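Features of the protein shown, as given by Swiss-Prot:
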- C29-C40: disulfide bond (DISULFID)
- 151-172: repeat 'LRR 5' (REPEAT)
- C281-C306: disulfide bond (DISULFID)
- 374-394: repeat 'LRR 11' (REPEAT)
- C390-C391: disulfide bond (DISULFID)
- 400-422: repeat 'LRR 12' (REPEAT)
- 472-495: repeat 'LRR 15' (REPEAT)
- 545-565: repeat 'LRR 18' (REPEAT)
- C583-C609: disulfide bond (DISULFID)
- C585-C627: disulfide bond (DISULFID)
- 672-815: domain 'TIR' (DOMAIN)
Amino acid sequence: MMSASRLAGTLIPAMAFLSCVRPESWEPCVEVVPNITYQCMELNFYKIPDNLPFSTKNLDLSFNPLRHLGSYSFFSFPELQVLDLSRCEIQTIEDGAYQSLSHLSTLILTGNPIQSLALGAFSGLSSLQKLVAVETNLASLENFPIGHLKTLKELNVAHNLIQSFKLPEYFSNLTNLEHLDLSSNKIQSIYCTDLRVLHQMPLLNLSLDLSLNPMNFIQPGAFKEIRLHKLTLRNNFDSLNVMKTCIQGLAGLEVHRLVLGEFRNEGNLEKFDKSALEGLCNLTIEEFRLAYLDYYLDDIIDLFNCLTNVSSFSLVSVTIKSVKDFSYNFGWQHLELVNCKFGQFPTLKLKSLKRLTFTSNKGGNAFSEVDLPSLEFLDLSRNGLSFKGCCSQSDFGTTSLKYLDLSFNGVITMSSNFLGLEQLEHLDFQHSNLKQMSEFSVFLSLRNLIYLDISHTHTRVAFNGIFNGLSSLEVLKMAGNSFQENFLPDIFTELRNLTFLDLSQCQLEQLSPTAFNSLSSLQVLNMSHNNFFSLDTFPYKCLNSLQVLDYSLNHIMTSKKQELQHFPSSLAFLNLTQNDFACTCEHQSFLQWIKDQRQLLVEVERMECATPSDKQGMPVLSLNITCQMNKTIIGVSVLSVLVVSVVAVLVYKFYFHLMLLAGCIKYGRGENIYDAFVIYSSQDEDWVRNELVKNLEEGVPPFQLCLHYRDFIPGVAIAANIIHEGFHKSRKVIVVVSQHFIQSRWCIFEYEIAQTWQFLSSRAGIIFIVLQKVEKTLLRRQVELYRLLSRNTYLEWEDSVLGRHIFWRRLRKALLDGKSWNPEGTVGTGCNWQEATSI
């Protein structure tokens, strides 16, 4: 066994090493946005990590045992904008702890048991806009050192131990403050002196939340001549009398929005009546909301006598036993009744009302006509209402309506095509039960409608003119309905401005090839949750703006006729997930198309085979099908490839010979311009010019020669000139053989073409002139030329008087063969397939 001394000698250095390793190196922070946002929550850090980039802007250090923040704790993060230090067990914050964070806009200190807060704790935060100090053991605003934070807009000190509502003098420096949350503190009384700073330096945009404070007294005049944007008092009063007294203490307050009431399941009041709100007559209120009063209110109209002139009135979760009527005496422009309990649908006669929100209410299932001549916005959703007849101007008492939401209601019988409601722009019927939708053109009058939702309305489309009149419609949602014979006909012919169309869950199996032809502006099309068995791309060829096409959750096995070329080029996202792909050889081209289009397909990795059974559940991308083809097909295919290859090689090799053949066929009976086409090396051009041309063209009879330096057409390929200007327009060919000729590729090329020319035209002749002795070893390299010179008569140039005489006599005789000559000129005989020419 290891001795105790040796064990200690091993453990002590190991423990020393481990103590030096920082925990932040063991548990790295999560990089949410590279170099910008890092989440270091619950990593057991006891100090600020220094292994993050200087460019970090958003840092979450919540739930780490930091306990103490010293000066310049965040010196390494000069670009920081959002810092979350929630529940870090921080007890002490020293002077300059946030120094250097000049860009920080949000600081969250929630849930820290702060015991020592230095006067300069928040120094350096020159851009701070939001400070959250919830549950920080704060006992007073007086000692909270934030008076220098002139950019502060939101201060949240809820759930603390603050007992006095007195706003310190430094609030006069917080000129940008818009929201002060003092909810869930210990404030019981408000005195005039508490709000002195608001008299001296009014904060006109300030929203003040005093909810969940045990209020029992507000000194009359405390809020006199004070202007607030919003005041919230919920769950503040334990009795009706206290509530009445405190509301009277608000006399003289001018507030844009006042919120009174309680929270769900947290009510303190035992009863509530109209006297509670009598003090509101002494306030100037623009918008009023009363929330969560679970009491049966008998005379609701009398309850709000002091609120007749507010512009917006809202009741949320209030139980109302009876309502006489909302009459013309109220000057409200916006009325909101949400989640309330009514005995019956209220009678509404409000001349100035522009917006009515009546949603999620209970009781009064039958809709009764209203008289709202100025109404522009009407939300009657989620009430279970039934409409015996809909919809026209007489139902709502207005011709100004632009927004109508009747979703999540009961049976709605369509008996009118919106006469008098031609200004409608938004119409929502989703999850209501529509009757008589396919009996006539319901929407014929709605030429200004932009948004229409008839999803899950039990509509069965059997009339092609159902959407006639909707010429301005941009969004159409009709999911969860059905079509006659599960076939989509041409019902969108007038919807030329449509950009969004939802046809999901409509049990569709087929669609007309021209169903979408008029939708050139369509960008999003949802065809998911239907019963299509193949992907037919033809109907989408006219959708030039389409970007998103969803065909998920159908029964697609393959593409129709394996044709996929009709998808518009604008398409960016195609969803084919959760379909019944057939992974067989028969559909191999479609499966390969899926692999090729993986950039276009959404969640392509989720596309799996459904058949055959041995490949069920296998991702299409990982599929590798080996298809056995018929041996005959393989043989024919291979033979075809070989034949095509051989033909291509022969055409390539004998291209110019074929060109010559084509020329002979074309010019076969034409007239020759030249007596001979001269083939020679450019090195022998002096002899050709001084001897050959001079003696033949200036002699008697004269002969016309074709020479490349003189007679070839500029700008035409050399090979084309040789064939068209040389061979096709000449009776004979003169070949000037020399060592230079043998070594020239162009000369050999011309000679080979000349052989083909002689073969094709039986009247043609080749005259060989050996200009100088040629080495036999060099001549043997050109086998055909060597063989011809060995078997045929040729002319040999001799530079002597007798040799010249014999040379020119023999050459003229060869050229005269087949030539008609008279003193007036020279005329060729033309192509003659019966004549033969020889030397």
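Note that Cβ sites are derived from N, Cα and C of the backbone, with glycine treated the same way.
Just so it is clear, the model here is predicted, and its values are computed rather than measured.
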Beyond the flanks of the repeat 'LRR 15' (472-495) by 6 or more, those residues with Cβ under 8 Å of it: 430, 447-462, 464-466, 501-512, 514-519, 526, 529, 531
Residues near C29 (disulfide bond) in space but at least six apart in sequence (CB under 8 A): Y38, Q39, C40, L43, P49, L52
Tertiary contacts of the repeat 'LRR 5' (151-172), as residues 6+ beyond its ends and Cβ separation under 8 Å: 126-142, 144, 178-191, 193-198, 200-201, 203, 209-210
Fewest-neighbour residue among disulfide-bonded residues, criterion Cβ within 10 Å, set C390, C391, C583, C585: C585
Spatial neighbours of the repeat 'LRR 12' (400-422) far in sequence, C-beta under 8 Å, 6+ residues away: 365, 373-394, 428-437, 439-448, 453, 469
Distant-in-sequence neighbours of the repeat 'LRR 11' (374-394), which means Cβ under 8 A and at least six residues beyond its ends: 345, 351-361, 364-367, 400-416, 418-421, 428
Segment-level pLDDT (mean, integer) for the repeat 'LRR 15' (472-495): 97
Three-state composition of the repeat 'LRR 11' (374-394), taking helix and strand from DSSP: 2 helix, 8 strand, 11 coil
Helix-strand-coil residue split for the repeat 'LRR 15' (472-495), DSSP-based: 3 helix, 7 strand, 14 coil
Chain-internal residues near C281 (disulfide bond), provided their CB is under 8 angstroms and they sit 6+ positions away: N305, C306
C391 (disulfide bond) to C583 (disulfide bond) - Cα separation in whole Å: 52
